[in-house]
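*Asks:* Swiss-Prot feature annotations, pasted as is:
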{"type": "ACT_SITE", "residues": "Asp288", "note": "active site, proton acceptor"}
{"type": "BINDING", "residues": "Leu130, Ala131, Ser132, Ala133, Ser134, Ile135, Ala136, Gln137, Val138, Lys153", "note": "ATP binding site"}
{"type": "DOMAIN", "residues": "124-502", "note": "domain 'Protein kinase'"}
{"type": "TRANSMEM", "residues": "501-518", "note": "transmembrane segment"}
{"type": "TRANSMEM", "residues": "523-542", "note": "transmembrane segment"}
Amino acid sequence: MTPGEIRRLYFIIKTFLSYGLDELIPRMRLTLPLRIWRRGLFWMPNRHKDLELGTRLRLALQELGPVWIKFGQMLSTRRDLFPPVIADQLALLQDRVAPFDGKLAKQQIEKAMGDRPVEEWFDDFDITPLASASIAQVHTARLKENGKEVVIKVIRPDILPVIKADMKLIYRLARWVPRLLPDGRRLRPMEVVREYEKTLLDELDLLREAANAIQLRRNFENSPMLYVPEVYSDYCSPTMMVMERIYGIPVNDVAALEANGTDMKLLAERGVQVFFTQVFRDSFFHGDMHPGNIFVSHDHPHDPQYIGIDCGIVGSLNKEDKRYLAENFIAFFNRDYRRVAELHVDSGWVPPDTNVEEFESAIRTVCEPIFEKPLAEISFGHVLLNLFNTARRFNMEVQPQLVLLQKTLLYIEGVGRQLYPQLDLWKTAKPFLESWIKDQVGFPALVRSFKEKAPFWAEKIPEIPELVYNSLRQGKQLQQSVDKIAHELQEHRVKQGQSRYLFGIGATLMLSSTLLFINRPDWGMSPGWLMAGGILVWLIGWRRTD
């Protein structure tokens, strides 16, 4: 480790100890020498004994900075790793940090634009940031070419070395988790850290975010449900993104929405519809739909429209995942736990040798109490959470796309019920899911599949006669090759049999000559001729083995 890494590691451990986070490690895992070393080296008692453990963990991560804040946010979605009291506190982590100097942001923009002055491309550039987060901050301006209002998102300068340094330390700490926690191996800490690192590095590439926003905008073009601001891709680079500036009401500002006359019931239901449309129709969903990234248009409040920003994190499901997920939801709400268990096995989410009866019983034990509540109060997100937590006991592999979907669904549910507490998610989603499943099977699906593959078959049908001829010719050639190999094998067997026969004769002659030479020396040269004959026959047999 470098001196800088040692200093940073010391600060991290010191921060954890000052918040009493060594309580997370069972005492039996801390040997006496380790406890003495911990006291002697740091001499750092818990200074926040009056706070709950989850609160102390949240405050410690906030003190450690942006990389750790985002790590905590990601861990809050993995409720299989922590009890609810800790996961709920981690969910409160806010990705808000002090802005960096606007002059540095201006330099970043000029560097991204080929070292040309900002004034050459933008008017009214505001050096004071509109918003600031751990990875980037946003400035406002107008495009010089058309006068449109835009926001310019700029990556923080020198953020990459900070991220790499902290990630190295997080990896080091993750390697210790299996040694310190009884359940450490099941938690797969290295896998969790790798997943986080990929997400974090993806957020550093604003070209990727721009492409995601363009895709999402295309998917909801002319839709009354969701508006995605236009991205000006000619001005984008890995460290800078320029997009249309929008004006809307923050989705969690319920008072402002009501004052604007917004139809709150329709708005809440549309949030659910937007989510399921992204997942099942488009196979491409916004993976960071927390309230800070969602606004509501001021226009037509009786036909409200969402505005979505910050597409740095997106998810997608393949066709099989979508079908199994939809059928899982429907089977669960029909209380068909056997079907839920079978779907987990069929999808490959759990090993194929899983005992379906035991799995069904475990799902029923965990999920049946949920139905004690009215259907309108049941949380889709917690349904998924309970299913996944149960499945992990049966060695379900971590499915990153499903973890991200579950996190997003929890956001959507939270926002929806904040807007309209009586929101019945199942009533809103069930027709959509049933319609989607019906569309995937039967005659309509067959017709659609034929249409999708028609160009392929139109190209291949003229080639069929030639393919048939080539197949027949290759079949004939293959049969000839097989016959030839069989004939050669038969010849080889015959030769081997003859060789063994000749070896036997040669050995007999040589043995006989030896006995005659010993017992009848008066026979003269006869034993010698027998020996020579035996050697000759043996050599002929040896030659036939080649």
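Glycine is treated like the rest: Cβ placed from N, Cα and C.
What you are looking at is a predicted structure, and each value in this text was computed from that prediction instead of being measured.
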*Asks:* Around the recorded ATP site, report the further residues of that chain (criterion: Cβ within 8 Å of the mean position of the Cβ atoms of Leu130, Ala131, Ser132, Ala133, Ser134, Ile135, Ala136, Gln137, Val138, Lys153; site residues excluded), sequence-ordered.
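*Replies:* Other same-chain residues near the ATP site: Pro99, Pro129, Val154.
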*Asks:* Given the binding-site residues Ser132, Ser134, which one has the fewest other C-beta atoms within 10 angstroms of its C-beta?
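*Replies:* Among the binding-site residues Ser132, Ser134, the sparsest Cβ neighbourhood within 10 Å belongs to Ser132.
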*Asks:* For the binding-site residues listed here, Leu130, Ala136, Val138, which shows the highest count of neighbouring CB atoms within 10 A?
*Replies:* Ala136
*Asks:* For the ATP site as recorded (Leu130, Ala131, Ser132, Ala133, Ser134, Ile135, Ala136, Gln137, Val138, Lys153), determine the largest distance between any two Cα atoms, in Å, rounded to the nearest integer.
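*Replies:* Looking at Leu130, Ala131, Ser132, Ala133, Ser134, Ile135, Ala136, Gln137, Val138, Lys153 as a set, their Cα atoms extend up to 14 Å apart.
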*Asks:* Taking every residue in the domain 'Protein kinase' (124-502), what is their average pLDDT?
*Replies:* 84
*Asks:* Give me the count of other Cβ atoms within 10 A of the Cβ belonging to the residue listed as 'active site, proton acceptor'.
*Replies:* 23
*Asks:* Return only the integer: C-alpha distance in Å from Ser134 (ATP binding site) to Asp288 (active site, proton acceptor).
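*Replies:* Rounded to the nearest whole number, the Cα-Cα distance is 15 Å.
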*Asks:* Quick one: what's DSSP say for Leu130 (ATP binding site), helix, strand or coil?
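*Replies:* Note: Leu130 (ATP binding site) is coil by DSSP, not helix or strand.
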*Asks:* If H, G and I count as helix, E and B as strand, and all else as coil, what does DSSP give for Asp288 (active site, proton acceptor)?
*Replies:* coil
*Asks:* Can you tell me the CA-to-CA distance separating Ser132 (ATP binding site) and Asp288 (active site, proton acceptor), as a whole number of Å?
*Replies:* 17
*Asks:* Do you know offhand how many angstrom separate Val138 (ATP binding site) and Asp288 (active site, proton acceptor) by C-alpha?
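*Replies:* Cα of Val138 (ATP binding site) to Cα of Asp288 (active site, proton acceptor) measures 18 Å after rounding.
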